[in-house]
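**Q** Take this structure first; my questions come after.
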Amino acid sequence: MAAVDVDMPMEIEPQIIRNEDIEREAEGFKEKGNTFYIKKDYSEAFNYYTKAIDSCPKNASYYGNRAATLMMLCRFREALEDSQQAVRLDDCFMKHKNAAAVLEFERMAEFGFDKRDFRKVVYCMDRALGLASACHRFKILKAECLALLGRYPEAQSVASDILRMDSTNGDALYVRGLCLYYEDCIDKAVQFFVQALRMAPDHEKARLACRNAKALKAKKEEGNQAFKDNNFEAAYKLYSEALMIDPNNIKTNAKLYCNRGTVGAKLKKPDQAIEDCTSAIKLDSTYIKAYLRRAQCYMDIEQYEEAVRDYEKVYQTEKTKEHKHLLKTAQLELKKSKRKDYYKVLGVGKNATEDEIKKAYRKRALMHHPDRHSAATSEVQKEEEKKFKEVGEAFTVLSDPKKKTRYDCGHDLEDDSNNMGGKLAPIWILIAFTFL
């Protein structure tokens, strides 16, 4: 009989079957990892991607997925290693660039923070969060720098977002406290710092901020009490010590400078007071109290143009009747300062009595009388004659109650001045008669 060909099934090698089973199992691990990644459970996603890699260590995509998960867990150096391994397995795999970019932004941010370039840190963290959006550490660093830049609402918003997901996050509690601290809400700030330390006992920044906040409050209150007790030297010293505690606390330090400026005014040191008020304004350009204090100091030393400038700033900000009155008063004094100061001509104060004005007039008239300088040079004679006439003008105005009132109120006396020449003659004769 002829042999009959019978189709027999091909024998499948056991190794191929095992490989397929392993790959199928690895894919299953990857899918579970993807599910946890979508749920933002990055720790579980990492575990399953690791199982996939253990099953198929030559699959580039598994390393890429785990690298993405490591980035979300802020383990960037490990993420970079996984990304590099993915590229070694598949040179078309480009996800490693993200991990490398995040590491570079992190490095730049650390350098910027050390240099106190907080704007640069915020920029770097924004870029890094674009690649690792769930990284709490980057969010916290951004929020802290926003607080240090005085952008408190933005910093509060970032910290609040984190606390909504994790109410025990010590870093976020610290940032909330930092914002309150820099807004001069020290008591509330301390509460947040204490809570942060309760959640994270080793949080050094929270511990330092809490210590500074308590010290600042205590020293400021000591200074205030010394001021109330009229112990101005002690108050000045205490405010100075408070200013050394934390240079970053702008609002509190602005108040301390203004308080010290008030003490300087009480100590009759107007230049020192003005300098302190200027320091307060540099820290907080909206600080009305510092403008008012500086303006009053300018008034005291008769620098009326500077006083008007400050009162104008205040009135533009707060249009109250009181501020309007202060501005009008300064403007009037400025106007008066640009005229001849008849009180200075006679050498008397603005509250001089009628008798004091008369005595001062006789003294100055005698001092500058032309007959006393008849032997002097023509230049000296002209100068003394000019001064003698000014003395007469001053007496004409200040000895007349109506003219004196108008002069004191800042009214122009040009019409009266035009008639002064006619009135000086009899005064001249009277003086000559009196002293010859």
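Each Cβ is built from the backbone N, Cα and C atoms, and glycine gets one as well.
What you are looking at is a predicted structure, and each value in this text was computed from that prediction instead of being measured.
Positions annotated as repeat 'TPR' by TrEMBL: 26-59, 170-203, 216-249, 288-321. According to TrEMBL, the domain 'J' annotation covers 341-411.
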**Q** Summarise the model's confidence over the repeat 'TPR' (170-203) as a mean pLDDT value.
**A** 94
**Q** Which residues of the same chain, at least 6 past either end of the repeat 'TPR' (170-203), have a Cβ under 8 Å from a Cβ in it?
**A** 136-137, 140, 143-144, 147-148, 150, 152, 155-156, 158-160, 162-163, 209-210, 212-214, 216-217, 248-252, 255
**Q** Can you tell me which parts of the same chain pack against the repeat 'TPR' (216-249), counting only residues 6+ beyond its ends and a CB-CB cutoff under 8 A?
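**A** Non-local partners: 148, 181-182, 184, 186-187, 255-257, 259-260, 262-264, 266-267.
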**Q** Can you tell me which parts of the same chain pack against the repeat 'TPR' (26-59), counting only residues 6+ beyond its ends and a CB-CB cutoff under 8 A?
**A** 65-66, 68-70, 72-73, 89, 134
